[in-house]
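Copied over from TrEMBL, here are the features:
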type	residues	note
DOMAIN	42-293	domain 'G-protein coupled receptors family 1 profile'
TRANSMEM	26-49	transmembrane segment
TRANSMEM	61-88	transmembrane segment
TRANSMEM	94-121	transmembrane segment
TRANSMEM	133-158	transmembrane segment
TRANSMEM	197-222	transmembrane segment
TRANSMEM	243-266	transmembrane segment
TRANSMEM	272-295	transmembrane segment
Amino acid sequence: MPVSNSSELSPSFLLASIPGLEAAQAWLAIPLCSAYVLALLGNCAVLLVVRLEPSLHAPMYLLLCMLATIDLALATATVPRILCFYWFGSREISFGACLLQMFLIHALSAAESAVLLAMAVDRYVAICHPLRHAAILTSGATAKVGLLAMARGVLFFLPLPLLLLPLPFCGPRVLSHSFCLHQDVMNLACANTTPSVVYGLTAILLVMGLDAVLICLSYLLILRAVLRLAAWQERLKVFSTCIAHICVVLAFYVPLIGLSVVHRFGKNLAPLVHVIMGNVYILVPAVLNPIIYGVRTKQIQRRILSLIHVTDR
């Protein structure tokens, strides 16, 4: 369909409101803001504690710092814009800002998936090849993993906004979420989106899908090694070192899969489901990750309590 006016040459989009609760959005934004503040405080606390505690200067906790940094960036790329909409009624988002936000969400999610895979490999080497752990997973190797994670996210997901850039958008341009996602924006185009559909699905499968398969494979190998141990107490002690990472993996992949299912098969679902699933996908990992590692890691607990004690003085 030909583009007929300037607004279609540079389209803007409308963020999804909370259906039936538009008048109460300002109040409903309070728990959203509280979750965002909790995510900021929790992840910043993890970064501070790992920096101050020499015993935590190990690959697993350096990867945890990368995870915290990604969660901070992902939440900050979305939640402040949502709060501007809920509190100040700024519902419209420009085409360029929408594409940038979409790219950041997908690239950062891909980087988080890669870091989770690296953490799974760390657990596998630590349990199955403990004598080689220090030699394989050095600080330099961990830093390279972080750089490769970000590079892979950028390379795989930079084409997504570029494929949408030349497409015409006509008619109502109301998104399904309070932020921009590739499939959501793509569905509003009034042109052939087959290249964008194929590339988007391929990128998701090659990045998050492959990472999920490799994480499962790592844990199958870990489980096989654990079951070879003679005593149940020893099995539980070894496997308990993986509990925090398993919880973090579930906190990331369950909302991701849920959001994908809603997009693919939930066209007849209530709009409220799309809004809630989108917010869960953005905030749940960022809020839960520092809590999970704070509860499961005694060094982090002790350091946070000592910092609180010093502050109270």
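Every residue gets a Cβ built from N, Cα and C, even glycine.
Caution: TrEMBL annotation is automatic and unverified by curators.
Packing against the transmembrane segment (133-158) from elsewhere in the chain are residues 57, 59, 62-63, 66, 103, 106-111, 114-115, 118, 121-122, 125-126, 203, 206-207: each is 6 or more residues past its ends and has a CB under 8 Å from a CB in it. Among the stretches 26-49, 61-88, 197-222, 272-295, the one making the largest number of Cβ pairs under 8 Å with the transmembrane segment (94-121) is 61-88. Per-residue confidence over the domain 'G-protein coupled receptors family 1 profile' (42-293) averages out at a pLDDT of 90.
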